[in-house]
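> Would you mind keeping the following structure in view while I ask a few things?
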C-alpha cells in the first residue's frame, strides 16, 4: 500500500444522483482518496473528477448544471485534467437524448451525438455484457475480455466525431457493446473518459478498470 | 442471463436457514453477500421481512455495510411504501428497490418512483398463483396475491405486470406462489405468458430445486433466475447453475 500522501485524490460529484456510495467505495478500493462533494473548487482541484449518473437524461443534465458541474467539467478539460463519466454521466457528455422529457435538455456537448432508445426486444438492457475495446485502451488494459454491468434503455449508437485538425488530433478510443444494436460502451478521449456501464458494480473487472483510471491520474 | 441469490433478512439477520460451511456467521447477510459475490453471483437480492418498523434502521445499516464490501448490484425489497423509502435505500447503497404490496394498493407509486429515480431502480415484485377453484376467474388464469400467497386480490397477474411496466417499472420479479417451496421447477407457463406481453427484463422466482430447472426458465424468456434455499444449503453452487444455463446456449458471465 502506498502512503496516503501519494494517492491521487478524486472527487465524486454529488448532485443528488441515486446510489453513489458504491462509486466512492470502489474508487477507494482502486487506490484513490475519494471525496463526495458538490463543491466546485474541490471538483476543479482534484486529480480526478467522477460524474456519476443514474435516472433520466434531462434530470441528470439539469441537476448537473444546478451544482455548476458543467463548468467544472469544462474547466478541467480545458486544462487537460481527467474526468470520468459513468452511465448517464457518459450520455450527458454528448449533445442530446431522444428520451421522452429530454427534448429541451442539452447535454454538455463534449462529443457530437445523441443517446437513442436501444432497438432490442427487452429494454432496459440490464446485465453483464462483453465489450469490444480498441487496441491501446488504457481503461481496458488487462480486462478487455471481461463482462461489465449495464443498466440503461438509451445508448449512443453512432460515433460522430470527425477529425477537423488534419490528423493532429489523437483519435479518441471508442469501445463498443451490443444490445439490439452496437452502442458506445466507453470513450477515452484525452482527459475525458466515460463508461456506459457501471464499473463500480462490475465486480473485479470493474475494480480493475477503475484502478487503470486512477493510475492514469498520476501521469496526467 | 443473470443468477441472483435471494436472502430473507429479519432485523438484520438472515432467516429461512443457511447451511454452508466456511462461514463465520451464517446469519450475517453481509458475510453471505460477500460469499455469493466471490462465487460469481451476478446480483444480490435482500428481502426485508422485518415486521416491526423500529427494526428497519437495521436494514439500512445492513444495506450500507453490504454496499461497502460487495461490488455487484444489490436489490432490496420488502416493506417499501413510499418514494422516501426508496430514497433512503438508494442512499444506503441499494442499486434497485423491490416494490410489491404498496404498488397494488396504489399503482401511481410506480410512476412516482420512476419519475424521481428512473425506471432502472424499480423492480416490481409479483406474487402470482393460479386462480383457485371457486375464486373469480382472471383472463390469464393467474392472479396477484399478497401476504405471502395467502390472500388473492382478483387482479390478473399478467395484466398487472403489463400495467406496472407501462407505469415505469424497469424490471419484473415474477414469483410463482404455486411453485414456491416445491423445488419442482419454475412455473414456465406463467413465465411464458408474461414474457409474451412485457418487454422489461423478467426475473424468474419460485420453484428452483435442481440444476435442470434453470435453463428452461431462461428458454421461456427469463432474463434472470432467482433462488434461495438451493444456494443457502449448498445443494447447488452459482457456478453449477451458470454452467447448466451456458450449456443451453445462453450467454453467461
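Cβ coordinates are placed from backbone N, Cα and C, and glycine is handled just like the others.
Quick paste from TrEMBL:
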DOMAIN    A:11-214  domain 'Glutamine amidotransferase'
ACT_SITE  A:87  active site, nucleophile
ACT_SITE  A:198  active site
ACT_SITE  A:200  active site
> Fill in the CA-CA distance, residue A:87 (active site, nucleophile) to residue A:200 (active site), as an integer in Å.
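Residue A:87 (active site, nucleophile) to residue A:200 (active site), Cα-Cα distance: 11 Å.
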> Give the sequence-ordered list of residues that share a chain with residue A:200 (active site), lie 6 or more positions from it, and have CB atoms under 8 Å from its CB.
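Correct list: A:22, A:23, A:25, A:26, A:27, A:86, A:206, A:210.
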> CB neighbours of residue A:87 (active site, nucleophile) within 10 A?
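Around residue A:87 (active site, nucleophile), other Cβ atoms within 10 Å: 29.
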> Tally every other Cβ atom lying within 10 Å of the Cβ atom of residue A:198 (active site).
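The Cβ of residue A:198 (active site) has 25 Cβ neighbours within 10 Å.
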